[in-house]
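Structure, as structure tokens:
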Amino acid sequence: MDGQVQRIVLFFQRPVVAGFGVRGFEVVAKLALYLLTARILGVAEAGLFFLCLTWSSWFSTFGRMGIDRALTRHMGAELGLSQGATARRTLLAGVGRVTVTGLVLGIATGLGGATLAHAIFGDPALAPALVHTSIAVAGMSVTFTLTAALAGAGRTTWAQFLQNAFWPALTVLALVAGARDATSLVTCMGIAIWVSGGIAGLIFFRDRARFRNDAALSTDTPASGPVEHMPPLMTTAWPLMVVELVQATIVSVPVLLLGVMADAADVGAFSVALRISMLVWMVLVSLGTVASPRFAALHRKGDLEGLGHLNRQIQLIGTVTGGLVCLAMIVLPETLLAILSPGFTTAAVPLMILGAGQAINALYTGQDVLLAMTGNGGTLQRLNLAQLVVVLLLSVSFIPLIGASGAALATAIATAQGGLGAAMVAASLLPAARPYAALPLPATLRHLLALNRQPSTT
């Protein structure tokens, strides 16, 4: 009996299982946040809150400068070869840079929030909440960098919990405790994000023994080949900064443009539809977070067979789990929105469109992470710049004409483009790790992405 209990405990301690447990908690916490925000604050005030949440998510991406994703790769690669002291130096340098830039951007938001609310969004009621969003901007910059480093250090469950689940749960508690307007709720959210960052820092302090020394590093690993030399942190980070900015822009710019052209109630309804569709993205990111340090370590060791097996395994899990959620969004959009608030059912068509885009993205789960963790950040950067062009062109074309449905079209097409493009490039550059159902990469696109100048990894 004791042996059976031990096996059950070990099963739930596996990173993938624990990761899905955390994602389940995240989904519950965020749905509760959206539901209570809509019901307690009302559609208009909820729209102000979602605008501030969107601004903090987007603007804090500048503060991280791609260092968060670079740290995931560097920490995984260095600790995979027991280079603890090198990992510590990299961590301190990266977090130090992000702390400075995050604080600067937070102060800029606080000082310029009122002007932004009046001059850009044309909504004076937004000003107090946007000023207080400065706490969240700085907090997201620092906290999300620390949690990304935790993921690289193998603490993927803690990383997911602190980055995505804990602070929404604390914000829900603030709603229950008495936050009754966008300003107070945004303030509580910012404090909750900083609390999450503090816990991440404590975990690193507890694990400090792992970061004291570098093990002797031989020229070749026993696995299968020469050890890859890691570039400087910022060399990895700059291309990934573009990747992060584009991904944040795909989600944020349609909402922000809609906020300029529509009232807060319409923004609130679309924001809820967008965040329901992002439940799929949460699952996909969970899988990528769990796999990312293994991707980096397997690639550095030259174990391409293991890399391909892991990549296709992650892809299949994402396709099944994400596809089921997308099916519900396409078939039952009004039902899902009505659960949150009857006032949000006007966003049923946008939710269907967003679900279709996420379905294609789910089919190619993890391919962007694979490229980032195998030293192909420059290629991923060019793929994401193409996404940026598409989402901007479609947003300015469709949103003035068809409002929220136009914002959904721009987001869905760019999202699908990202998944499909990453899979095509991964199959071309990493044939041994080729994903299922990857379309061939046309010669014209190879040339535009400058892949002809890059040796393929076989």
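Using N, Cα and C of the backbone, Cβ positions are placed for all residues, glycine too.
What TrEMBL says about a protein is an automatic prediction, not a curated fact.
Database features (TrEMBL):
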- 31-55: transmembrane segment (TRANSMEM)
- 98-121: transmembrane segment (TRANSMEM)
- 133-154: transmembrane segment (TRANSMEM)
- 161-178: transmembrane segment (TRANSMEM)
- 184-205: transmembrane segment (TRANSMEM)
- 238-260: transmembrane segment (TRANSMEM)
- 272-293: transmembrane segment (TRANSMEM)
- 314-332: transmembrane segment (TRANSMEM)
- 344-364: transmembrane segment (TRANSMEM)
- 385-403: transmembrane segment (TRANSMEM)
- 409-430: transmembrane segment (TRANSMEM)
(request) Would you mind listing the long-range same-chain contacts of the transmembrane segment (344-364), meaning Cβ under 8 Å and 6+ residues beyond its ends? (result) 38, 43, 266, 268-270, 272-274, 276-277, 280-281, 283-284, 315, 318-319, 321-323, 325-330, 333-334, 336-338, 404-405, 407-409, 411-416, 418-420, 422-423, 435, 437-438
(request) Please give the sequence-distant neighbours of the transmembrane segment (314-332): residues at least 6 beyond its ends with Cβ less than 8 Å from one of its Cβ atoms. (result) 16, 276-277, 279-280, 283-284, 287-288, 290-291, 351-352, 354-356, 358-359, 361-367, 435-436
(message) Any contact between the transmembrane segment (385-403) and the transmembrane segment (409-430)? By contact I mean 3+ C-beta pairs closer than 8 Å, pairs at least 6 apart along the chain.
(response) yes
(message) Against the transmembrane segment (31-55), which of these stretches has the most C-beta pairs under 8 Å: 133-154, 161-178, 184-205?
(response) 161-178
(request) Please figure out which one of 98-121, 184-205, 409-430 racks up the most CB pairs under 8 Å against the transmembrane segment (133-154). (result) 184-205
(message) With Cβ-Cβ distances below 8 Å as the criterion, list the same-chain residues six or more beyond the ends of the transmembrane segment (161-178) that contact it, or say none.
(response) 22-23, 25-26, 29-30, 32-33, 36-37, 40, 143-144, 146-148, 150, 184-185, 188-189, 191-193, 195-197, 199-200, 282, 285
